[in-house]
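Listed in TrEMBL:
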type	residues	note
TRANSMEM	A:40-62	transmembrane segment
DOMAIN	A:89-295	domain 'Cytochrome c assembly protein'
TRANSMEM	A:96-113	transmembrane segment
TRANSMEM	A:125-142	transmembrane segment
TRANSMEM	A:175-195	transmembrane segment
TRANSMEM	A:207-229	transmembrane segment
TRANSMEM	A:249-266	transmembrane segment
TRANSMEM	A:273-292	transmembrane segment
TRANSMEM	A:312-331	transmembrane segment
DOMAIN	A:315-641	domain 'Cytochrome c-type biogenesis protein CcmF C-terminal'
TRANSMEM	A:394-413	transmembrane segment
TRANSMEM	A:425-442	transmembrane segment
TRANSMEM	A:448-474	transmembrane segment
TRANSMEM	A:619-639	transmembrane segment
Amino acid sequence: MIVEIGHYALILSLSVAIVQSILPLLGARRGDARLMETGTIAATGGFVLITIAFSALVTAHVTSDFSVLNVYQNSQSAKPLLYKITGVWGNHEGSMLLWVLILAFFGSLVALFGRDLPAALKANVLAVQAWILTAFLLFILLTSNPFTRLEPAPMDGQGLNPILQDIGLAIHPPLLYLGYVGFSIAFSFAVAALIDGRIDAAWARWVRPWTLIAWIFLTLGISMGSYWAYYELGWGGWWFWDPVENASFMPWLAGTALLHSALVMEKRAALKIWTILLAILTFSLSLLGTFLVRSGVLTSVHAFATDPTRGVFILCILCLFIGGALSLFAMRASSLEGGGLFAPISREGALVFNNLFLTTAAATVLVGTLYPLLLEVTIGKKISVGAPFFDLTFGPLMVPLLFAVPFGPLLGWKRGDLLGAGQRLYFAAGVALAALLVTLALTSGARILAAFGFALAFWLIAGSLTDLVLRAAFLKVGWRSGLSRLIGLPRSAFGTAFAHFGLGVTVLGIITVSSFQTENITTMAPGQTVDAGGYAITFEKIVPRAGPNYEEQGALFSVRQGGVEMTTLDTAKRFYPARQTSTTEAGIWTHWFSQLYLSLGDPSADKRSVVVRIWWKPLVTLIWIGGIFMAIGGAFSLADRRLRVGAPSRRRQAVPAAVRA
Amino acid sequence: MGAFMRLPRIALVLVTLVVIVAAAPKGVAIAPAYAVNPDEVLSNPKLEARARKISEGLRCLVCQNESIDNSNADLAKDLRLLVRKRLEAGDTDQEVVDYLVSRYGEFVLLKPRFDWDNLALWATPVVVLLGGGILAFLVMRRRKARRSPDALSAAEEAAIERIIAERG
């Protein structure tokens, strides 16, 4: 019964979405306030309906209702409750339902918080949102219905892919989707502006917070996913340039560009057309990511869906939205007024530079991901594009961009002083030079590349804090009043500093771990000790254990330094009978920012010893901590008073007074 | 200003500390390379290091974008052993790679070759960067030419003078 209610609610939400696609748009054309208002009601109602549908599916999973095909295929009664819930989106149908739930959620947010929006703009935005919603609801109902029943109902289910039975599944997909789908708002605003043929500073003030929210979630989602892959897959790698990873990375790159370009548009009314194009491109890349993952066109560790009808359906959605939006752009963009004059060396110029490199990076990842596919379809040749390609192309693109980051916030709007900015950065330059020389000295000049990498990372870290230190004027007004000035700075200044600082921290982690990690692969029997990363690691014993839906051979290792026991590492090979698959549970010890990573290989023929892989990964956690800093930066920026549309502005009253004085 | 001048020295000390604490004790001594499974290791460490380097660029054909160096698959192990066998037989790195390509096709390379088929792949970053740069430059210049305000005419100058005089 509950399942049928969910199914019914989902169908009903489709009809509501169709209404929302048409009526508000008509209302905006005719200037009919009542018709425009239907958008608000439909968006909220649609969200409620999809929530009901989603809750029904969760209920079916939690109660292990195996008469539902989706539950039978992806669940099992012995599975722990947490994985019964997260298993809802650990499969194709459920994850698409989560996708539309989040889409409807964002739509309802615009409906509820958009009271101050111009009525026509709001109506158009909600209509465009409803187009996307309609397309994906049709996709779910026609090709991927999670509510399909099974007759007769089996006794037990097939269980969830063991790799997905992890807390990571609870966090990673929802965060990623909040990011992916969040960019739909920027897209809808862009299309609405093109339909209207009008775009102003208020538009940018609205788009920036929505983009920021999506960007924060996507940043966290990608970091989280990277850490999950790192500890779960047992290779100790944190980024594989896997097509599915690329699918989430492309919208991030484009979204980061969008964020910066919306900033210029908000402050200086420049780059309007470019911002619109980026908003379209960012969400298009999100859609492309959804297509790549959901169609099964690339089979990889992540892809758990293979069915060509679905692929073709999403491809049609993709062409419709990307093609439609870009055609609209081509027709209308020239009528939008470009504005804001600026010199090449200026804050705007720096942001154009940033956009140029980020867009090129996104294009590089895009072509690297799709090229094998294109070549196979066109001339039937099979090639691979992997990490060595991206190292050679993406890497060099990042160097000038990262080098330029500290300059940006120090340049003035309209016309900047590069020399002046450089002079203010000499402390950061000193730090970078010191890092370079110290690394060269310690490695006897053997690691030149690593030394320059460290210099770049410290340049970013110190450079990102320079702006705050200078604006607080610690050196001029002293410690105490400097601190009060620091607190008084606009939050967006903190946002910039935190995000750029986080970038530096991530770079530091990447450079350190890729230059100085040590690897030790050996065969060990209980009682044996090996030396890895300066620690003596002893294989203590093997303990057979049983979990709720798996059996495992646990292996305990003790870690000693100078005879003192630092920790014990618990690692295991797990076997899941329901799926007849096994997983490796890595043993990880975090020491400050570094980690000792141990994973088990195959046992020897006589079962008395086992292959053990031990990595010492210096500063590896900084890679993800940096991501968290970036997200915190985004949150600061979001909290800035200027961005809270409708919040009474202290600044607006203060400025004229200052001018009069 | 005086305090500022001292900062680089303080920074030097700080960075020294950070780098020493972070990387030096464990990182500087680079461990000898081991193959993915201990029984595959070649006794000659130089040859083994070359084998590792080659392995990182070769795709495990049955996996997704995974190098044979990372993969646990049986095929990856076979390929790793094959690479080592060829190296022991005296092949150069290039000869080993060419041999594998002749057997498994270009699919085995994680870094596609520079050739006409892959032109668009390798050219994209350069073309987008240069094209975008040139476009941005042209747009900026055109806008400047179009929007640069003309100097005020004599009549306008006179009008401003008059207004200032009236208000002042």
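Each residue, glycine too, has its Cβ placed from N, Cα and C.
In TrEMBL, annotation is done automatically, which means it is predicted and not curated.
Source: prediction; values computed, not measured.
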Cβ pairs under 8 Å between the transmembrane segment (A:207-229) and the transmembrane segment (A:619-639), at least three: yes
Closest-packing stretch to the transmembrane segment (A:96-113), where packing means Cβ pairs under 8 Å, from A:125-142, A:425-442, A:448-474, A:619-639: A:125-142
Contact check, the transmembrane segment (A:175-195) vs the transmembrane segment (A:312-331), 3+ Cβ pairs under 8 Å, seq sep 6+: yes
Contact call for the transmembrane segment (A:125-142) against the transmembrane segment (A:273-292), three or more Cβ pairs under 8 Å: no
Confidence summary for the domain 'Cytochrome c assembly protein' (A:89-295), mean pLDDT rounded: 91
